[in-house]
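First comes the structure, then the notes that go with it.
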C-alpha cells in the first residue's frame, strides 16, 4: 500500500508546485515610497560589501550569529515596523520581554560594530534599521541560502514598544493562531510557511518546546522526543536544541523534510503539516528548494518594509542602542538638506 501511495503523493506534490508557479506569477513585492534598491549607491557605495565582508569574519568564529541576526531582523520588523526599536536599551526594553528571550548580545554588538565601520567610511548616513536588514540578508546567503537585493533607506525610530512584543508569533501556537498573527500584518499563507523556513538553522531553549515533551506530543517522532527529553529535563533548563536536526547550520529546505518526518521542534512548526491550508506548501518546499528560496525572498522583502520610517521621519542613530541626543532645530534642518542633496 505504501509503495503505491508514494507515486500518488509525488504526483500530487508536483501538481501543487505547478499550481503555485501558475497562480503566483506576480511582480516582486512593491517598494515602499521612500525606499530604493539604489538608495546608497552614491553616498555609500561600499555599504553592502562592508557588511558582507565583516559577517564572513564573524561567522567564521561564531556561525550561531547567523540565525541570531535573522531573528533580530524578524523580531524588530514585526514590532512597530523595521525601525531598529529592538536594538534600543531601556528599563525595560523590547529585548527584556518574554517573546524576545534569548536574543544574543553578541549579534546586537555585531550590528553596532558594522555601524561603526560604515559610519567611519561614509559618515552617519546609514541607519541601524538598514544595517539590521542587510545583516539578516547576508546571514541567509552566507550560510547557503539565496542572495537577493533589499530596498534601503529606512530611518531609525525614536522609541520602542514593550507591549508590541505580544504580537510576535509564539512557538507553541497552532497554525490557525500563527496565520492570524501574520494576516494582521497582511501576510498570506505562502508567506507564513516560507518565513517559518527560517528555522532551518539556529537553536531553541528548552522552555520554547517543553510543552511537547511533558506530556509527550504524539505528533513528535519518538527518537527525537527521547533526544529532547535528555537535553531538557525540565522547562527551565538552560540547554538548547537544534531546530533542524539534518543540517542545523545551513540555510536550506531540510526544515520541511523534518516536518514531514514529524521532527519539527516547535508546535508552530510541526502543526504546519497538520493544517490543510499549509500542508501542501510544506510538501512543495520539501521537494523544491528553489521554490522555497523564491517564496522566502518575497516574504522577507515584504517583511523588511513593514511600517518603515523614511525621509524626515526618525533619525540616523550614532549608536544602535541609544537614540541621539537632542539637537538644535537648525542643525537638524542642515543635516536633512545635506542628505537630500547627496541623493541627487
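Sequential numbering from 1, following the chain as shown.
From the backbone N, Cα and C atoms, a Cβ is placed for every residue, glycine too.
Model, not experiment: these values are computed from the prediction.
The signal peptide annotation in TrEMBL covers 1-27. Look at TrEMBL and you will find 34-324 tagged as domain 'Plant heme peroxidase family profile'. The disulfide bond annotation in TrEMBL covers 44-122, 77-82, 128-320, 206-232. Marked as site 'Transition state stabilizer' by TrEMBL: 71. Annotated active site, proton acceptor per TrEMBL: 75, in sequence order. Sequence annotations record features per position, and here TrEMBL assigns Ca(2+) 1 binding site to 76, 79, 81, 83, 85, 94. As annotated by TrEMBL, substrate binding site applies to 169. For 199, the entry in TrEMBL reads heme b binding site. The Ca(2+) 2 binding site annotation in TrEMBL covers 200, 244, 247, 252.
For the recorded positions 76, 128, 199, a Cα to Cα distance of within 10 angstroms from residue 247 (Ca(2+) 2 binding site) holds for none. Listed in sequence order, the residues 144, 201, 246, 248, 250, 251, 253, 254, 255 complete the 8 Å Cβ shell around the Ca(2+) 2 site centroid, once 200, 244, 247, 252 themselves are left out.
Here the Cβ of residue 169 (substrate binding site) has 19 other Cβ atoms within 10 Å, regardless of which shown protein chain they belong to. Other than the site residues 76, 79, 81, 83, 85, 94, same-chain residues with C-beta atoms no more than 8 angstroms from the centre of those residues' C-beta atoms, the Ca(2+) 1 site, are 75, 77, 78, 80, 82, 84, 86, 157, 160, 161, 164. For residue 83 (Ca(2+) 1 binding site) paired with residue 232 (disulfide bond), the C-alpha to C-alpha distance reads 35 Å. Reported as a whole number, the C-alpha separation between residue 206 (disulfide bond) and residue 76 (Ca(2+) 1 binding site) equals 23 Å.
Annotation: 79 carries the greatest number of neighbouring Cβ atoms among the recorded positions 44, 79, 122, 206, 232 [cut-off 10 Å, Cβ to Cβ]. Taking the C-alpha positions, the distance from residue 79 (Ca(2+) 1 binding site) to the residue listed as 'substrate binding site' comes to 11 Å. Counting other Cβ atoms within 10 Å of each Cβ, the lowest count among the disulfide-bonded residues 82, 128, 320 belongs to 320.
Rounded to a whole number, the distance between the Cα atoms of residue 85 (Ca(2+) 1 binding site) and residue 320 (disulfide bond) is 9 Å.
With a cut-off of 8 Å between CB atoms and residues at least 6 apart in sequence, the same chain places 82, 83, 84, 85, 86, 87, 129, 132 near residue 76 (Ca(2+) 1 binding site), listed in sequence order.
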